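**Q** Mind having a look at this structure? Questions to follow.
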Amino acid sequence: MTLLEIFPSLRSGMLSPRLDATIWPCETHYDDLGRITIGGVALADIADQYGTPVYVLDESEVRRRCRAYRKYFPDAEIIYAAKALLTKSVAAWVAEEGLSVDVCSGGELAIALAAGVDPQRIMLHGSGKPFAELEAAVHAGVGRIVVDSITEITLLAAVATRPQQVLLRLSPDIDVHGHPAVRTGVADQKFGFPLGSVAAVDAIDRIMRQPMLELVGLHCHLGSQIHDPDFYGEAVRRLIAEMSRVRAEYGRTLPQLDLGGGHAVAYRCGDAEMNLPVLADIVEDSLDAACALNHFPRPQISLEPGRAIVARAGVTLYRVMAVKHVEGGHTFVIADGGMNDNPRVALYGARYDAVVANRHPTGPHMTATVAGRYCEAGDILAADVSLPADLRPGEVLAVPCTGAYHHSLASTYNGVGRPPIISVRNGRCHEQIRRETSADLLARDLG
Ligand SMILES: Cc1ncc(COP(=O)(O)O)c(C=O)c1O
């Protein structure tokens, strides 16, 4: 018998090594029964009440991350990249914390507006914005639209009935060496215009000639999961040089520089993450140097973090459906969710941790692969994780750091509805998004 079994209250408030503080919300503890709690609510209780799989979201953690950005970048505009996770509540939280919101579709725009976000604080993005969505954004009065193609300039000029502020998205040809799907700062990719290219010069020229479009700045987004802040310093240098060129050519000083998002978070213990104070210093220094070199006034800097605001606030809960020991092979723990609620493993080869949430395991451990319930061999949630050797069907598994690009990327493959989002705060739960049912799926099927 261990000390923890004799004195269960020792567990309360204690974060054991298996709950690494860098990948769990700050308010993660154990209760007297050895169960994991977040925001004062036992995860096992959430699983019982709302079923599994279920996304749990810690409101305080989201707010804490917003405040960290505001603290380290007091002069910058922080624009939450809603593609990471958007619900009406999340939009309201980030707006209350003083962030603007970046949306990339008419649907995201509708959610942000329904949450009461000031349209002036909304920015519209997207590599292929449909005409109707541009129209909806202009009519809603969104503050800025980030232009991504020549066609868009023509469409925008047609729908704008009053001056519309725009930024131009440029790729500064900075290779952050990530997965090819998330390297968006290199020249040869689908977003924006390569900096210095004939197309980029043409785009600037066309915007300048449209009386209803006001070019207020340049934008770049280097990629995802970037933990080396120097890439942002280089982006500042290249884009300030371009802003200086625009001033020389058109006599117009662009007042804004948007450096996009992409700040890395740790998904597993030991993963590198972006250090915000260091990033702040590097952006400041490179801005000082580049502005001095080009005799250019300091523009207002914007940052667009998505993942870094919400990833760590989210934990997904699953029920164990089966445990299979393949002779001479792996041990598979089959969960009742998988690639529908977390497609990032299949899409990007992302790696996650998983722990049992309904008890504090004190016995021996096994190495197992947590696999999903869907009909794909690649439906894996967490490969080679350490789990209790006596794990049984019916127990609750928690996968941390699932707040970003999970709900927003979820699908209904195999006819399985998407999980609910339950937010927690001060010991209370709030059902933000309900579970999608078979009736929901049938409602769209017109026969
Ligand atoms: C233009 C733009 N800004 C911001 C983001 C947010 O990136 P992250 O969630 O990695 O911070 C993205 C993500 O794809 C993006 O495309």
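Using the three backbone atoms N, Cα and C, a Cβ is placed for every residue, glycine included.
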**Q** Pick from Tyr374, Tyr405, Tyr413: which one does TrEMBL list with Gly262, Glu304, Pro305, Gly306, Arg307 for the same pyridoxal 5'-phosphate site?
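**A** TrEMBL lists Gly262, Glu304, Pro305, Gly306, Arg307 binding pyridoxal 5'-phosphate, and from Tyr374, Tyr405, Tyr413 it also lists Tyr405.
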**Q** So which of Gly262, Glu304, Pro305, Gly306, Arg307, Tyr348, listed as binding-site residues, have a Cβ under 6 Å from an atom of ligand 1?
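**A** Listed by sequence, the hits are Gly262, Glu304, Pro305, Gly306, Arg307.
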**Q** When the pLDDT values for the domain 'Orn/DAP/Arg decarboxylase 2 N-terminal' (60-311) are averaged, what is the result?
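**A** 95, rounded to a whole number.
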**Q** Rank the binding-site residues Gly262, Pro305, Gly306 by how many other Cβ atoms lie within 10 Å of each Cβ and give me the one with the fewest.
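**A** Per-residue Cβ counts within 10 Å for the binding-site residues Gly262, Pro305, Gly306 bottom out at Gly306.
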**Q** Round to the nearest Å and give the CA-to-CA distance linking Glu376 (substrate binding site) with Pro305 (pyridoxal 5'-phosphate binding site).
**A** 32
